[in-house]
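This is the structure I want to talk about, given as structure tokens.
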């Protein structure tokens, strides 16, 4: 009887062992088809926008309730932009064209804690509309690169009637244009072909970078974003700093880091649309990039100049850099770009990922 009992114990133990082995094999199979993709880059480079696009393209998008939660963010973006403009007007001694707009600017200074279930507050509608039409405000906006004015103001203020409609539900494009500063780590999971992608976005401002270290283990692919339009823009956290110089410095440390010796390095020079638009009125040689010798308004040569500049900072001749010019708010362009990224990852890691 004792032996029989022991036999049952042994059988149960063997069964548990088989289950454990089965679970381990299942986990190994799952992990072999999982791509850990880390999004890095300086602040304002468009990382959060890329993450939203992945949700739109590959993960069923945003529900109506999720979209409504972005209304307070959009309102806060508009308010914050006008406050930055007001400070800049004082700094650059720019006057409002219409003196009556003084009271409208005062209204934009009033704090308002908006809930997700309420429409944008009406008392800010006329002030926003009138200020947007003021030539003094427009003059300050022209200097937006000098005081870190976010690039979504033109988009939102050209459509204020729609935003202040009582039944307004933010569109996908509204969500892509809206700006919510990333703190900590945000993860998005989506399936693409035979692979499952786990994409991590970490805060880009200097104070957030110390948190990146926790994401570095077993990264298959590093996606580094640069706002190519930031060549003439100051940093949010340092008005004397330059976004492009900050990105070059950060890229050099990342591209040559021991953490990424086995990772694929993908470089997105993002906001190429804004870059092309501003280049004729803001030549890159005016902003410290004096080793550029191409035509001042040739966006093809100027964008290649920056891509070459980033590639040259990679000190490992055997490590390939996969470079793309992107516009993170353009869903179709990003879909094509991510298709190229997918092909590269499959080709590069075929044995580890599929076999």
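Each residue, glycine too, has its Cβ placed from N, Cα and C.
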When Swiss-Prot marks a stretch as region 'G4 motif', which of 266-273, 274-281, 282-289 is it?
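Per Swiss-Prot, the stretch marked region 'G4 motif' is 266-273.
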With Swiss-Prot as the source, which of 314-319, 320-325, 326-331 is set down as region 'G5 motif'?
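It is 326-331 that Swiss-Prot annotates as region 'G5 motif'.
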Run through the region 'G4 motif' (266-273) and tell me, per DSSP, how many residues are helix, strand and coil.
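So the counts come to 2 helix, 5 strand, 1 coil.
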To which of the binding-site residues 44, 151, 273 does the lowest count of other Cβ atoms within 10 Å belong?
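Fewest other Cβ atoms within 10 Å, among the binding-site residues 44, 151, 273, is found for 273.
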Could you give the number of helix, strand and coil residues in the region 'G1 motif' (36-49) as assigned by DSSP?
3 helix, 6 strand, 5 coil
Among the binding-site residues 48, 270, which residue has the largest number of other Cβ atoms within 10 Å of its own Cβ?
270
